[in-house]
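Since the structure comes first, as structure tokens, the remarks are kept for the end.
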Amino acid sequence: MIPGTDEYGVDVTVSDEDIDRLLDVTPADVDPAPELSFCRNVFVPLTTACRYTCTYCTYYDPPGQATLMSPEEIRETVRRGADAGCTEALFTFGDDPDDRYDEIHGQLEEWGHESIHTYLREACEIALEEGLLPHANPGDQTREQMGEVADLNASMGVMLETTAEVQAHGGPRAKNPGQRLRTIRTAGELDVPFTTGILVGIGEDWADRAESLLAIRELDERYGHVQEVIVQPVVDNERWHGGSPTVDTLRRTVAMARHCLPESVSVQVPPNLAPAREVVDCGIDDLGGVSPVTVDHVNPDYEWPGLDELQAVADHAGVPLRERLPVYDRYATDEWLSDRIADAIDAPDTAGERFRTVRDHGTNPASVPSD
Ligand SMILES: O=c1nc2n(C[C@H](O)[C@H](O)[C@H](O)CO)c3cc(O)ccc3cc-2c(=O)[nH]1
Ligand SMILES: C[C@H]1O[C@@H](n2cnc3c(N)ncnc32)[C@H](O)[C@@H]1O
Ligand code: MET
Ligand code: SF4
């Protein structure tokens, strides 16, 4: 049984037979994708306060030292993104700043907010006003929290990371697989196009990788809301010196992901963390979000590749490179989009025009991301 599923009331089970079958899959068993996509985004690190203390993560600051972006900083950042032709405002930040962070609560209160979620709502409004589509990854969320912001997001996400209990998730404040799965299930219940994924190399074994992918498949089978699965290698930084998985490990994991997930689910490797060229024949069809204007605030030492490098990966694979929105085309329908997001894409303004050009043509008149 997956740890925490009982505690959090998520009925996700994966059979040993399915795990065993998936463990037999190799890169030779999957077909390369016919095209590769990517998304142009701007990273908005709303707060560095976090309830967890993952040992591989340099993103969070301890209580007393955490930051919260002001509405003006948010507006300035997303405006730079829109000016550079981005389509996505990526709100990825620490999980629920809890009562350990007095400075965050105090600041939120001063700005008239009782929670990070009401503030995230304001931040999404600012992004939409400035011409970007929000994609928020606030970590674990309750149904109430997700419900508070879902209509202002084109898509949302949280990495499952792994169904295993690993030391890297820390001691008393550890991420819980049951809680992660509940967050993914909640997104399904709320019809939110969703991004999730696994983090490879944090102490999980092969069976854990298979179980994690199969758990994601199980939830997608129920709700059909998983738009993409990221296969993300852990990378070294000031807090993590455990190294990254080998290329062979990554190749086999990507092949397992492609093999077990339906075609409607994209498989992504982040091109600043993974050797994309070396896994491109294992079934990936997406290179994630890259930013012409901000660093990857979670892994700031790992530079975004330029568009020319993404093109080189696609050329190496012999397939076209296509820009996409933060919501994949197959989810950009009335069934999945809120009125607010559909209206932003249909709007007769510059931003709407940019969204439609990207959606319909896979190209963008804006300048290319630079190194
Ligand atoms: O720049 C990053 N983008 C990350 N993204 C963003 C992703 O590249 C794009 O936002 C999606 O492809 C949607 O367009 C995530 C999105 C999620 O919903 C969940 C996890 C991630 C993880 C990362 C990440 O580590 N770095
Ligand atoms: C945004 C996502 O980045 C991932 N993340 C956090 N730290 C690292 C690291 N050292 N290497 C790779 N991914 C990391 C987490 O899984 C988070 O969900
Ligand atoms: C900065 S990490 C990304 C969001 C969230 N804290 C998580 O780990 O899921
Ligand atoms: S990975 Fe996310 S949840 Fe873990 S410590 Fe970093 S910010 Fe917090």
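Keep in mind that glycine also has a Cβ here, set from the backbone N, Cα and C atoms.
Residues or ranges marked as [4Fe-4S] cluster binding site by TrEMBL: Cys50, Cys54, Cys57. Less than 8 angstroms from the CB of Cys50 ([4Fe-4S] cluster binding site) sit Tyr59, Tyr60, Ala66, Phe93, Gly94, Asp95, Asp96, Pro97, Gly139, each of them six or more residues away in the same chain.
Among the features that TrEMBL reports, domain 'Radical SAM core' is placed at 36-272. Per-residue confidence over the domain 'Radical SAM core' (36-272) averages 97 (mean pLDDT, predicted model).
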Residues flanking the [4Fe-4S] cluster site, with Cβ no more than 8 Å from the Cβ centroid of Cys50, Cys54, Cys57 and excluding those residues themselves: Tyr52, Thr53, Tyr56, Tyr59, Tyr60, Gly94, Asp95, Gly170
Long-range Cβ environment of Cys57 ([4Fe-4S] cluster binding site), under 8 Å and at least 6 residues apart: Arg239, Trp240, Val298
